[in-house]
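Only one structure is covered here, and it is reproduced in the block below.
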Amino acid sequence: MPLFPVALSLMASFLSSVSVLGVPTEIFYNGAIYWVGAFSAFLFIPFTVHFILPVLYNAGLSSAFEYLEMRFNKLVRIIGCLVFQLQMILYMAVVLYAPALALNQVMGIDMLVSILVIGLVCTFYTAIGGLKAVMWTDAFQMIIVFAGLMTLIIKATIEVGGIAKVFEKASAGGKLEIDNFDPSPMVRHTVWTLILGGFMTALTVYGGNQAMVQRYVSMKNLRGAQTALYLQLPASIVFTSLLVYTGLVLFAKYGDQSPVPCIIPKADQLIPYLVMDVLGNVYGVPGLFVACIFSASLSTVSSGVNALALVFMTDIFKPVYKKITLTEVNESKATVYSKVVALLYGLLTIGLAFLSQYFGTLILQISLSIFGMVGGPLLALFVMALFFPCINSLGATVGMICSLTFSFWLAIGTIASRPSPPTYSCPVDTNTTMTNYTTHWTSNYTILSTTTPLYNSSTDIGNIQVAAAEKTGLQTFYSISYLWYSTLAVLVAVSVALLVSCFSGGTKKKPVDRRLLSPLYLWIASLANTYNSTDLEMHILNKTDSKQGSEEKINGTISANGSHTGNGEKAIIIERMQNGEKT
């Protein structure tokens, strides 16, 4: 595939409707510190390009989990495959649900219709067209997303009073505070959490996710794949910055007004409401932004469905078919089966999307938590394979299971201990409804304050935090930032795997092919120069023999020149001869 569609497709795969709707909402409630996380790209992209991608590309893979079988065994490959399917199905359900939730009340589009349209359309063209169709449509959809976002930003900024006014109001509301260096992992967003925790969370996407790996290997050569991935660095920072600025515009326009929950019950409906408020009278433009949201959702779901179908066929169906029939499945049948599998995965995702309403209100946090909760243990498998040649298949299996158990316990405990969101006393206006798009909502609702900011980092309606002093035991642990889930999952898996491997003999019985190890590990290993005791003894013996031979030669020289040579001169001659100089 050419560089252009691959680069845009890589970006589109996980720049979903969750990002378009969730990031501005996050900024509106909790401030612009989230923007700091964009700079984790300076860590995870070079790390992936130089220490992970060369191994996966040169292995000639169809599925990323083939590598796990090369490094460990078939069981580890199947476990990785199943965990990936769980991760992507959960994530795609949220991605389908997000635009449906946002557009339901604000634009009058029924949730059932929205979910079915997105789900069925992307399932259809993914099943029929395969990876090439997905990548070209991803590229086109990214252009639509960019056009829709820029249109909204420009028009909304003009209405607020210009860029300077946006930043003035955001600063007055405390939304530009991005210098929180608190080292505590219990604080939801700090510089360390966003950069270091964000680094590990991003690696779950770029380092071992089939949706990304299959795009890497579609390039003609490794250099092309590395270039496509490096292009994600500026693109990631630019798009994140645009979404963050959109959130600041939201706050500048609505931050000092009546409680937003009185007008927009769901936080994720803020962006569609802004679209109708700002662009509702401009013919065709609201439709452009609807296309923007739907395109973002389509690109992610289609990539996920394609990756799931490929992984199922390569890692499960074909090996089972060969074992049962003792023959390889022919290509024509494999193509038909693959389309059927893609269709079934699409329908399953549509069904689960209706259950996403129970996930909570902040879809951005929910989606990133999924990558930490399920993607973290999956990333751990690749970390163990690439960077720890002493870990064997038994250690990897036990480590993975322990990591999954820990991650689900943490996630479920966090949900169970989450406090209820606050309630608001909203004014009643029987003459106004949510669907009255073009009337500015402040004309119908009482303004509470114009001088004191209503929303700040301490009043997040979706994540009300209990004071640290009131938390005890597990409550404190459950309050750990969701961005550390991946890091904890990897640490648990690697620690357990190392212990199990040490007690089970490591990889002595099955030596590891150096080509399956990360260039980073090979470089570190090359810095050590070791030898065994026999080599050491021979080195000392040779050095001693050389010194004795030099002394005998010197004594002969001294005898030939006469006995008047002193001990000091003799020592100088010995030193010169040992250094290879002429006497």
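Quick reminder: no glycine exception, Cβ is built from N, Cα and C everywhere.
All TrEMBL annotations are machine predictions without curation.
So that you can see what the record holds, here are the features copied from TrEMBL:
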SIGNAL    1-22  signal peptide
TRANSMEM  32-57  transmembrane segment
TRANSMEM  78-100  transmembrane segment
TRANSMEM  106-127  transmembrane segment
TRANSMEM  139-158  transmembrane segment
TRANSMEM  190-208  transmembrane segment
TRANSMEM  229-251  transmembrane segment
TRANSMEM  288-313  transmembrane segment
TRANSMEM  334-356  transmembrane segment
TRANSMEM  362-387  transmembrane segment
TRANSMEM  394-412  transmembrane segment
TRANSMEM  482-506  transmembrane segment
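Highest Cβ pair count under 8 Å relative to the transmembrane segment (229-251), across stretches 78-100, 139-158, 288-313, 334-356, 482-506: 139-158. Below 8 A, the CB atoms of the transmembrane segment (106-127) and the transmembrane segment (78-100) form 3+ pairs separated by six or more positions in the chain. Taking every listed stretch (78-100, 190-208, 288-313) in turn, the largest tally of C-beta pairs under 8 A with the transmembrane segment (394-412) is reached by 78-100. Within the chain carrying the transmembrane segment (32-57), a Cβ under 8 angstroms from the stretch's Cβ atoms is held by residues 23, 26, 64, 67, 170, 175-178, 180, 189-191, 194-196, 198-199, 202-203, 206-208, 213, 216-217, 222, 225-226, 229-230, 232-233, 236-237, 240-241, 244, 247-248, 382, 386, 457, 483, 515-520, all 6 or more beyond its ends.
Ranked by Cβ pairs under 8 Å to the transmembrane segment (190-208), the stretches 78-100, 139-158, 288-313, 334-356, 482-506 are led by 482-506. A contact between the transmembrane segment (334-356) and the transmembrane segment (139-158) is absent, since fewer than 3 of their C-beta pairs, 6 or more residues apart, lie under 8 Å.
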